[in-house]
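A.B. asks: Below you'll find the structure I mean.
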Amino acid sequence: MSKHKFKFQISFFNLTPNIFFKLQFLCPNLLKSSHLPKRRRNRREMEGQIHNFIVVWAIVLTSLCYSHTIAKFFPKGKSRFLAIIPIVCLFFILPLYLTYINLGSTTSFFIAWLANFKLLLFAFGKGPLSSTPPLPLSTFIPLACLPIKFQTSSTKTTQKSTKSTLNLVTKFALLAILIKVYNYKDHLNPKIILFFYCLHIYFVLEIMLTTVSTMVRVVSRVELEPPFDEPYKTSSLQDFWGRRWNLMVTNILRLTVYDPVRSIMSDRIPRKWAPLPAVLATFFVSGLMHELIFYYISRMNPSWEVTCFFIIHGVALTLEIVIKKLLNGKFLVPRIISGPLALGFIILTSFWLFFPPLLRGKPDVKGCTESLAFLEFIRYGKLVSPSNITCPLL
């Protein structure tokens, strides 16, 4: 390019910045985004993430329509599995296009974990998506990609609904107090901060899952099971992991991993001990899926610490089951002792193996700045990139 031609190009873009921006937007391969000012690049990055989020979920909905339709042409078994496996692979890939924590983490949990496991069960005529008569499409889609489960019993539904609403309001209030406490983070012991992170994860998960359940219940007028059952009231590891913590994941892991492994092992070892390898396999798969979710969040190579966390809990739970079977109810540890011991073990091992890989990618900072950017959009109606915002709490 000649010197005069270069000068003409510079003056042309200075005189017509709007044309330059439109060219860059319409022809991204023609003009590199590195030529744009940093603030404009950040805004375009945010617009791109919102666009990706819409496209990803449009693909998800289309894929679930396809999955619902093929059941009419492929009987359950290998043929339906081969027809669904491309969708499963696609659902593992789609979260890679979402780099924002608040968009990517929930999407990866909903489709890469829950939806994929439900679709694999559906391929063999099992799980919540399989029904006689077949589920209508309007029920199939939310049940496939959302963390919900239909209530099997209608007893005490009004009481549970009221209790769920009260719990949601309480968790919102506690989360707000917890966020305020982060202002004094520099004056607190790091172990106390990690304990607050334990509470933070619990509050956020319960708020998110309960909100989704409430919205689906209002729209569909169908009673749904609660996502948590007061895990702080646990009496043992078995009670915590099997009946109280994140019941949507517990239910889907029971159907996809625990039940098949237990059925297979029942033919090879005494039926009494068949649950033991099933428990170990379930926790191992849970660890692998957490590694995948952590990768979607941080885009850092797995350290396998979180897998070790779940393997340790699988071994501990297996020992607990063995001891209970050997004692056969002859000796019971009082709930007031066993409960705090179980919670203490969960919290201490999370300090050691769960939180280090989770916090390595600074999801707390990213989540905070993204939330503030969203509030900025709600208040002023303008897009502000999270990279242009500093979180005052962290």
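A Cβ is built for glycine as well, from the same backbone N, Cα and C atoms used for every other residue.
Pulled these from TrEMBL:
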TRANSMEM  51-69  transmembrane segment
TRANSMEM  81-101  transmembrane segment
TRANSMEM  194-216  transmembrane segment
DOMAIN    225-311  domain 'Wax synthase'
TRANSMEM  273-297  transmembrane segment
TRANSMEM  303-323  transmembrane segment
TRANSMEM  335-355  transmembrane segment
A.B. asks: Tell me, what is the mean pLDDT of the domain 'Wax synthase' (225-311)?
C.D. replies: 93
A.B. asks: Other than its close neighbours in sequence, what residues sit by the transmembrane segment (194-216), given a CB gap under 8 Å and a spacing of at least six beyond its ends?
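C.D. replies: Same-chain contacts beyond the flanks: 106, 142, 146-148, 164-165, 167-168, 171-172, 174-175, 178, 181-182, 222, 224, 226-228, 231, 246, 248, 347, 350-351, 355, 359, 364.
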A.B. asks: Within the same chain, where does the transmembrane segment (51-69) have neighbours whose Cβ lies under 8 angstroms from its own Cβ atoms, ignoring anything closer than 6 residues to its ends? I mean 6 or more beyond.
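C.D. replies: Distal contacts: 84, 87, 90-91, 94-95, 97-98, 103, 107, 111, 115, 119, 122, 135, 137, 140-141, 144-145.
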A.B. asks: In the domain 'Wax synthase' (225-311), how many residues does DSSP put in helix, strand and coil?
C.D. replies: 65 helix, 0 strand, 22 coil
